């Protein structure tokens, strides 16, 4: 899905001008070019300033804090302590519990979202009456705040009055009510359930958009070759969806690794069911250890930066074909 | 055989609909139950009551919370679109040294985990005197919406025909005139889409709002709902929470139904094309 290259763009990257002499240009044209370049920077300036203020500067400060013993009560009195704050994070078994929880969460929920998203997208790609309405309905969980979906599910998962326990009990699947959000093992499942419900629409939409761009004649050919719908899916559809699917999956993994809201609302913040972002925030604002919390946040940033690099490489590859 | 397939497909669609919509249905049903009825798992309320809906606004400053969310999200959308429009014109239509690096930086910033800027932002917010005030949220939310806005508007702007711009240049139009007089009218749908997505993400933001606000009447909707408390510490007012959830969900459902196509095109432009 490469962009139609803008004709002004001489080549990929654009920054590397060819070594040979530039073609002779009219005096007016080069003046115009200079004027446009100046305009470009002028137009970009406000955005760049805001980005530095809201992203660059706070990020740099967070990095700085992770080398200090900064405390919330008096942030000005912080001392440089080298790697001490970082060591406190790495030596803390609770940190590694949150790392494990976060990665498990990302893995399980992204797999479920992809599979479910694929099934729903394939269903919505078929022609049937009321398709538009169902497509809109599928979007709704995506639009509502995570906090709201977590609360709605927390009520459904309520151990005494919840509809989930009532239904499971009446079906005979469980003999007594389960504490879905209190027991760490179950709470993890509950968090995954909420996240999958909320973010599958996103997957569905991206897959659906990719499905609709597939050429129809390939299916015709597969059908003539006698491939059934399942074989056609695995041998024709899936390979052609690989690019967009990979991008969507990495996008979702990045999102899942920085998860905070669902866990916070659903489990209330016990260490056993806490994501990395929750750990960092707890150290910063509950224990008031800005330094240690910032060190944890910087570690999370490093992990995400790594995945972002992968995302960009995959994105680049896609743009190139 | 044919009708078996049809029936199976119908069942699949029914399952998808129930899975997607049941939590909303249950929230609505629960919000209409009061007293002990809330604690019986009945599929619909025996006597629908609006008590929870009035309690949301009397027990909590929920009207103020909604207003806060509207103010923050609108301000963020206006700022992001204004900044994003000129920035994306430069990135999409002008060839200059460092453009690809800038585009990659914008994409990179949109991947930032919020937690990584939290302590630095907290310091900044306090230094500016914004702590426990709405400007803190307007400022911090820009990190979520601005890179995204620039990115999506750039992809939209690249697809506009070149002829219009060339004609304007021949007529002696400055870049500023090209943006405001030639492109802006054409970008209406793209601006609406991007603005809508930015609005939703600012409206839903939780971490900054939780950290930078302290008083009940400065909270935005998500924080208010997350921290709703009942009469006593052991009693969670589920009926009221469900009523509040329904109240904030309804406008979003309406938005989604009206702008379905725009949202989808914006999301795919933002993600797949990246």
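Placement of Cβ uses the backbone N, Cα and C atoms for every residue, glycine included.
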Tell me which of B:160-181, B:182-203 corresponds to the transmembrane segment entry in TrEMBL. B:182-203
As TrEMBL has it, transmembrane segment corresponds, among B:134-153, B:214-233, to residues B:134-153
Other same-chain positions with a Cβ less than 8 Å from the transmembrane segment (B:182-203) and lying at least 6 residues past its termini are 69, 72-74, 76-77, 80-81, 84-85, 89, 141, 144-145, 148-149, 152-153, 156-157, 160, 164-165, 168, 173, 220-221, 252, 255, 259, 262-263, 265-267, 269-270
If one takes Cβ-Cβ under 8 Å and requires six or more residues beyond its ends, the residues near the transmembrane segment (B:134-153) are 68, 71-73, 75-77, 79-81, 83-85, 87-88, 91-92, 103, 106-107, 109-110, 112, 114, 117, 121, 124-125, 128, 187, 190-191, 193-194, 197-198, 201-202, 205, 208-209, 212-213, 218, 220, 266, 269-270, 274
